[in-house]
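Q: Okay, handing you the structure first.
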Amino acid sequence: MNNVFVMDHPLIQHKISLLRDKNTQTKEFRELVSEISMLMGYEVTRNMPLKEVEIETPVGVARTKVISGKKMGIVPILRAGLGMVDGMLKLLPMAKVGHIGLYRDPETLQPVEYYCKLPCDIAEREIVVLDPMLATGGSASAAIKYLKERGVTSIKLMCLIASLDGIKKINDEHPDVLIYCAAVDDKLNEHGYIIPGLGDAGDRLFGTK
């Protein structure tokens, strides 16, 4: 698998197991998604550029490093991607947040756009697209294409569980985009859901069916 980083940290793997459990209730599910997103955020931001600066401490001067380079942006794919935002903002409180609303047509399994609101300086930012489940890959690919059409040149995709089909679609259509996930499952069912997966992430986050 090209450009795919599967995070095997014990805390992430433990929390993913709890997410998969059908008995995990909405409140705990929501908390787990936020916690996993924050843990994954450490790896997604690992290669952020740094520059040396001098900082005056209470007792002297220290040469240390601060983040430089492009500012960050976070773009959740509505609605399930919203559950990942808070965890990322705990790491990146100054990041701007855009929203892309897509739903999957139940007949064709193709993405349908219904909402988009992005920061005016989106093209100047390094963007992390948030989508808990990379199933067919259609919605994520459409969101990435939408961002590129608006001048974004640096995009990463962060998801909790990815399918092999979804990974292939992103690799084929956006070979420049790095994919970060916590688990890879083999199959999709006839409705486009990842098997074994964790069910409908949006429904489990928001208590809907």
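Each Cβ is built from the backbone N, Cα and C atoms, and glycine gets one as well.
The 5-phospho-alpha-D-ribose 1-diphosphate binding site annotation in Swiss-Prot covers Arg79, Arg104, Asp131, Pro132, Met133, Leu134, Ala135, Thr136, Gly137, Gly138, Ser139, Asp200, and the record cites sequence analysis as its basis. Residues annotated as uracil binding site in Swiss-Prot, with sequence analysis given as evidence: Ile194, Gly199, Asp200, Ala201.
Help me understand the surroundings of these features in the structure.
A: Under the DSSP three-state reduction, Met133 (5-phospho-alpha-D-ribose 1-diphosphate binding site) is assigned to strand.
Residue environment of Asp200 (uracil binding site) contains 16 other Cβ atoms, counted within 10 Å of its Cβ in all protein chains. Asp200 (uracil binding site) falls outside any helix or strand according to DSSP and counts as coil.
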Q: Taking the recorded uracil site as Ile194, Gly199, Asp200, Ala201, identify the other residues of that chain whose CB atom sits within 8 Å of the mean position of the site's CB atoms, giving them in sequence order.
A: Ala80, Pro132, Met133, Tyr193, Gly197, Leu198, Gly202, Asp203, Arg204
Q: Counting Cβ neighbours within 10 Å across all chains shown, tell me which of the binding-site residues Gly137, Gly199 comes out on top.
A: Gly137
Q: Provide the three-state secondary structure of Ser139 (5-phospho-alpha-D-ribose 1-diphosphate binding site) computed with DSSP.
A: helix
